[in-house]
């Protein structure tokens, strides 16, 4: 059984275990409330009896002598034991959830290491494949064999890239230096001037100087419907309309 399968199996049983502990907590809480209510009533009656005894002269008004009955004191001790049991159950539930969180952190760390190795192997393979053929990239105009005047990617390609690198874009926020082995001749895009990664969107202005943008850099979470223009091209377009 792999680590992920083992984690999923343990996670499936977590709601049932937590539900049992929470049910027991509710029972203990109800029991504690009943004991406290009973003890409060008993103490009120005993206080009233003491007051009547003091007024009638049957009880000396000495606070060092006056005390609650053994029954009232036993109820108070029992309340403390039930409250301690509630706290212990709550701690157990917290530790159980915390254990699963730590296991998930371990899995994510292992998954990140596997992704890193795959990226490194892909980069090494790409450099080895492009070297003998003499097909080294030199700027954005040579990507995919398309000139600067053409669109280097299609929106379908962008969607495929987004699905293939979802984990990478989640772990690496846009605008930060990516921990990737990058070919120095790899073309760069977007306002962040970084290589292509994750989900990207193309500006529909054929004369756009940048053309392709990372979703995060332009505040997008999904592929826009219809035509989309970057902020520079949109501003230029609006100025032309205003004239």
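Placement of Cβ uses the backbone N, Cα and C atoms for every residue, glycine included.
As annotated by TrEMBL, Zn(2+) 1 binding site applies to 190, 192, 214, 217.
The Cβ neighbour count for residue 203 (Zn(2+) 2 binding site), using a 10 Å radius and every protein chain shown, is 22. Under the heading Zn(2+) 2 binding site, TrEMBL lists 203, 208, 230, 233.
Per TrEMBL, domain 'PHD-type' is recorded for 187-236.
The region 'Disordered' annotation in TrEMBL covers 128-157.
Summarising the annotation, TrEMBL assigns site 'Histone H3K4me3 binding' to 189 (among others).
The annotation site 'Histone H3K4me3 binding' is assigned in TrEMBL to 200 (among others).
Annotated site 'Histone H3K4me3 binding' per TrEMBL: 204 (among others), in sequence order.
Per TrEMBL, the feature site 'Histone H3K4me3 binding' maps to 212 (among others).
Here is what falls inside 10 Å of the CA of residue 204 (site 'Histone H3K4me3 binding') among the binding-site residues 190, 217, 230, 233: 230, 233. Along the domain 'PHD-type' (187-236), the predicted structure has mean pLDDT 89. Other residues of the chain with a Cβ within 8 Å of the Cβ centroid of 203, 208, 230, 233, the Zn(2+) 2 site, are 204, 205, 209, 210, 211, 213, 229, 231, 232, 234. Between residue 208 (Zn(2+) 2 binding site) and residue 190 (Zn(2+) 1 binding site), the C-alpha separation comes to 11 Å. Of all the recorded positions listed here (200, 217, 230), the one with the fewest other CB atoms within 10 A of its own CB is 217.
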